[in-house]
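Participant: So Swiss-Prot lists these for the protein:
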type     : residues                                                   : note
BINDING  : A222, I223, T303, A304, R305, D329, H352, L353, G354, G355 : NAD(+) binding site
ACT_SITE : R305                                                       : active site
ACT_SITE : E334                                                       : active site
ACT_SITE : H352                                                       : active site, proton donor
Amino acid sequence: MVESSRWYSVPETLSAKAGLPIVSLPFNNQIQTSPFSVRSSYYLPLQTVNMSPSLVAPRQKALSLRHPTMAGKEYLEEFSKKYIIDVLDVPNREEWLKQLPKKVAKDGPYSALIIGMGTGPYEPFDAEFCQALLPDLKLVVSASAGYNEFDVSWMTENNIWFCNTVDAVSEATADMAIFLTLAALRDTTNAERSARAGNWKAGFVPCRDPTGLRLGIIGMGAIGKHIARKAAVFNLEIVYHNRKRLQEADETTYKATYCPTLASLLETSDIVSISVPLNDETTGMISESEIALMKDSSILINTARGAVVDEAALIEALESGKIWRAGLDVFCNEPDINPYFKTSDKVVVQPHLGGLTAVAFRKAYRECFENVASFFDTGKPLAPVNDVTRAKGTPTASLP
């Protein structure tokens, strides 16, 4: 008897006739757990049951890099009734490249690949990373909003759909932007260090209030809209710059005024908050020339990607006082960030935690699975970044 870790659902009518409960059973074999099966956490080997291959139809299969437990046990159980999810749980890229061919040979092929959170040890997601899954791989989904570590052009050229998460981490990231804004305004980095050192309010002067200040949002996608909605509570005046202007109704909803150029936003904003994806167009978007346009003693908030901002130019502006404070959740060369940001009292620092909440993670993983389900059912995911039905090699997503 050959063991298998593939799971199939016994039809209800067959289970009823046999007097058995309706459970998920392995194909033509006895029940077993597998280190590569997401279901191994949820099913126990209660009895040995033999099934004929003719009684069940094969289901489409997805491979997940590490266990997608954040999606929730009940959700995964429900998803697994219709589709097969296998897991390859390895610590780094080297092990992935070593183990993937064996996994595909044993349990493949796989037409979908699920990439969860915490991707640093595995990046980049390119031809080498996916090679052993070809030619069957047709979809890659990521639980992250940003996708600069994914070679989307290569995927498009190879007729592979790519999906990031559209809205899962948006509100959590917006919360981080608001937190950094308030922390910068209230100079909490200095305040906390002083309090921990036992210097209670020593040398402190009144901080800045948000009321009446102008907040300029660069990138009015899902994150930018959440920022605008939340910022209005603090009586901030909202302006925004976007590749495409919002509908008038949306501008009314978010109480946001459109700036037709980036320069017009920078010149008039007291606080500049960045929420754009990282791509060729946005890399270095805020450099020395853009910072020169900003109001004196302004505040810069970045929850997008580190490379959107020229860090050397930012440091120079902080030291000169051109920029009064910065609130940063993202950096170049993470986690080895510039030592200046670790020590400067002029910077509020967070270790890229914007989307790291339990609710955001659950939503992100489920959004991945919904894209997989849509692809398995219809041949197209719900929210692709690229379009493999159009000209190859050109991702369709740019600025929001």
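Cβ coordinates are placed from backbone N, Cα and C, and glycine is handled just like the others.
Any idea what these are sitting next to in the structure?
Facilitator: DSSP assigns G354 (NAD(+) binding site) to coil in the three-state reduction, outside any helix or strand.
Counting every protein chain shown, the Cβ of R305 (NAD(+) binding site) has 23 other Cβ atoms within 10 Å.
For E334 (active site), other Cβ atoms within 10 Å of its Cβ number 12.
Here the Cβ of H352 (NAD(+) binding site) has 18 other Cβ atoms within 10 Å, regardless of which shown protein chain they belong to.
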Participant: If you measure T303 (NAD(+) binding site) to E334 (active site) at Cα, how many Å is it?
Facilitator: 13
Participant: Would you please pick out, from the binding-site residues A222, T303, G354, the one with the fewest other Cβ atoms within 10 Å of its Cβ?
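Facilitator: Candidates: the binding-site residues A222, T303, G354. Fewest Cβ atoms within 10 Å: A222.
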Participant: Please classify the secondary structure at A222 (NAD(+) binding site) using three-state DSSP.
Facilitator: helix
Participant: Could you round the CA separation between G354 (NAD(+) binding site) and E334 (active site) to a whole angstrom and send it over?
Facilitator: 14
Participant: Among A222, I223, T303, A304, R305, D329, H352, L353, G354, G355, recorded NAD(+) binders, what is the largest CA to CA distance in Å?
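Facilitator: Output for NAD(+) binders A222, I223, T303, A304, R305, D329, H352, L353, G354, G355: max Cα distance 18 Å.
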